[in-house]
Structure formats: structure tokens, C-alpha cells
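For reference, the structure discussed in these notes is given below.
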């Protein structure tokens, strides 16, 4: 009996020592992990051994936390999204190296905690798969294709004008952001998938309801912080994604089902249809075989249905959120700056007048381009989306970037850095005039990213914005609405978006005579 008691006592001691060693090992690992920026000489907020800087990110919101840290630690600093280390960069020369000069070392994007790589298509793809997808999709955004899409965008804008007519008749203040969300969903649905929605005429349209539920859920997810703290949990979540509702998983499943139905229908139609949209190009790359982007290997290996669904989801979500947000920001600054709006009205009157808008006429709106560029400077919707991941450890301009580290371009801070922009908080389209544009330092203006992984849909977004705003200003003036703030509060919801409704009024224009001055 005495022997057994001694034996059990030794086992208890052994287990206790193992537990203590395990705890010490975990503590040592976390201490070393969360001190890596200190060892590299990179400043940043002090992380907790429990959750990194996640507490402050959740309390302030990602956008505000990063801007506060920028003020305290400068253009380059490191922080932890839970367990994941991120280096934030707002230094133009370093961004040039990361995005362009040493692109081979930064081919990959920062992963999204709740999305498998293959689920977001071109956005997260890597290597040969990314090259194949980019090559197949590039023809869909050529100048010729934009001309074909113009009439569809213009038709969708007809409904927007009808809805604004009703608002003008009632002389009421309204949230123009929500109207632009309906417009952009309509446009991306028809241009990319040949899919008509009732988003602009029915507030209960299922596409609109599901996509809004999805984006609203991104800021309310309880699973997201947990996965940011313990990244390995994502694999468990992926395994049970069909039975667990994750930040609005039902909308994701529903949207995927709709995309799958479109693809099934197109497969049945084959190449006989006259429609040559994004989906058709992905399914049948031979339709654009004359493009030198497409080599013989890609011609022999078109995208699978699953790949097409992933790409479709990416363009649906990106085309809906970022463009509608940019339109809302532009409407806000025009309402707040009537002198700039008047100059833009003058240009539209002189270059287009009361004629029906066409592709060639919108290309002549040079002052419009200046206003658009300045809106993108002050409100870069993709501020937190331009990310990269290092493939190997290298030093750039005295900064060591370790293998596997995530890089986040701090575009919001860069666009408002007084070192590179005079009076950065002032909205001034003249910065982008022909006379002054050459003064802008390279890689200080990155609304669409830069390098091989720059936004593929840039032309699409710019054209859609031009059509919508030009059509609106042909008929209406945009005025301040109820409770409109001079400076909009914003938050991160994937893209940078208005935190509150963008309330405006519109009044029908009275025909006036203008003389536009040449800069």
C-alpha cells in the first residue's frame, strides 16, 4: 500500500511538472511571438500576451485604431490582429518596393480570417492560379468592353434618376448612400452576370437583402475576433461552415447558389449566346482568344464551375460596396462645396449639355476627373484592402521584413500626410489639374493599389461613377441634407464606408449659361 501511494504521488508530481513546463513553454512562445517587432526595431502599440492588440481594434474599430497608432508611432509600425502580426506602411519608397520593385517577394495578399483562399477568387489567389485568373479576366475590363458596358450602366442609371425625381418632388432629405448601393448592385449584376435585380425598385429585393445582411454582419461577428486570436480555429469553422452561421453565412450560401444557377444556365447555352460578359469570358476563354494575355495552356484549361463562382462572388461584393461608397463620398463633398459643384455643372453643360450622355462625352470631362481623384484621395475606400505577405526575409530602407509577415498599406494616412499634400484636410481638386499633377510624389496616391495586383476593376468603377454623377448633375443640384456633418465619420467594413447615412437633398436644376475657365 505504501508503495502504491508513493507511486501515485510520483505520477501527480510528474503530471504537475509537465503542466508547469507546458504553461512556461506557452508563455515563452507568446512572449517571443509578441516581441518580434521589438527585436526588429519596429515601433508599435504594446500587445497583450492574451490577445495582441485585438482589444483596442475592437473598441475603436480597425480604421480609427490604425490612424491613432499612425499619429503615435509614425509611417511604419507593427501591431497584432489577435495572434497575427501586421506591419503597417505609409512610406512611399517602401511601398514602391513592396508593390512593384520587389513584387516577386510580395505576390501574396494577407489572408482573410474567415475565408478560404479559393473562396475569394482573384483577391486571394496565388501563383499560377492567380496568373491564370488575371489573364482570363483582364479582357473583360478593356476599353472596348467598357464601351459595350456603357449602355447597360446608363440604363441602370435611368432608374436612379427616376427615384431622385421623386425625392426632388417631395423636397425631402434622404440617404443617397443607400440609393447608390442599389444602383451598383444593379450594374454589377447586369454587366458581370447578365442578371437583373429589382434592387432599385424593391427594398425587399432578395439580392439586396442578402448582400446587405452579409456586409452588416462583418462588423457584428463574434466569430471573427475569436479566429483572429486563434487562427487555427478557421479550419474547424471551414469544416462546419454548412451547419454553422458565420457572420451571415446564410447570405454567403444564398449568393453562391444564385451564381451557381447562372453558371449552369450559361453552360447549357454554350457559346451561342451573344452575351459576352464576365461569366461568359470565364467559362469560354476562346471568346477572347485573340487577346495575347491568353496562352495555349490557359485555353486548354478554362475555369471550373467552383472557380467561376469564387471569381463571381469577388466581383459582386467588390463592385457593390466600393463603388457605391465612392459615389456617396462624392455626393457629400459636392453638397459641402457648392463652388466646386457649380464648376462641375459648368463642365457638364458645356461638354454634354442636355444631350444624351455617351462613352465619348464622359471621357472629355477633365474637371470631373480632378474631382474624382480628390474624392479618392480624401476617402480611399480600399485603404485597408491593399495588403501583401512576404515570401522571404529581406531588408528595405533599413526595415527588416520577415518571411510570412503581413504588410498593410496605410493609404488613408498616406493620402492625408502633410509632408506630401498641402492642407491635406482641405478638399481641393486643383491638386490634380494638368498644371499641378506632376508635383504629386510617386506612391503617395494609391486609391486602387499599384503593381501587378492593382485593382483589375478600376476602369469599370471610374466609368460607373462618371455616368452616375454626370447624369445626376445634368438634372439636379445636390444640397446638404438633415444632420449632414461637414466631415463624415467612417468605419472599416472590408472597405472604408460612411458610419452614418449620407443625407442630402436634390433640387431640379434651372437652365443657366456658363463659361468654363481653362486651367
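In case you wondered, yes, glycine gets a Cβ from its N, Cα and C as well.
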According to TrEMBL, which of these ranges is transmembrane segment: 193-213, 214-234, 235-255?
235-255
DSSP three-state assignment (helix, strand or coil) for residue 455 (heme binding site):
coil
When you measure from the Cβ of residue 455 (heme binding site), which residues in the chain that are at least 6 apart have a Cβ under 8 Å away?
382, 448, 449, 461
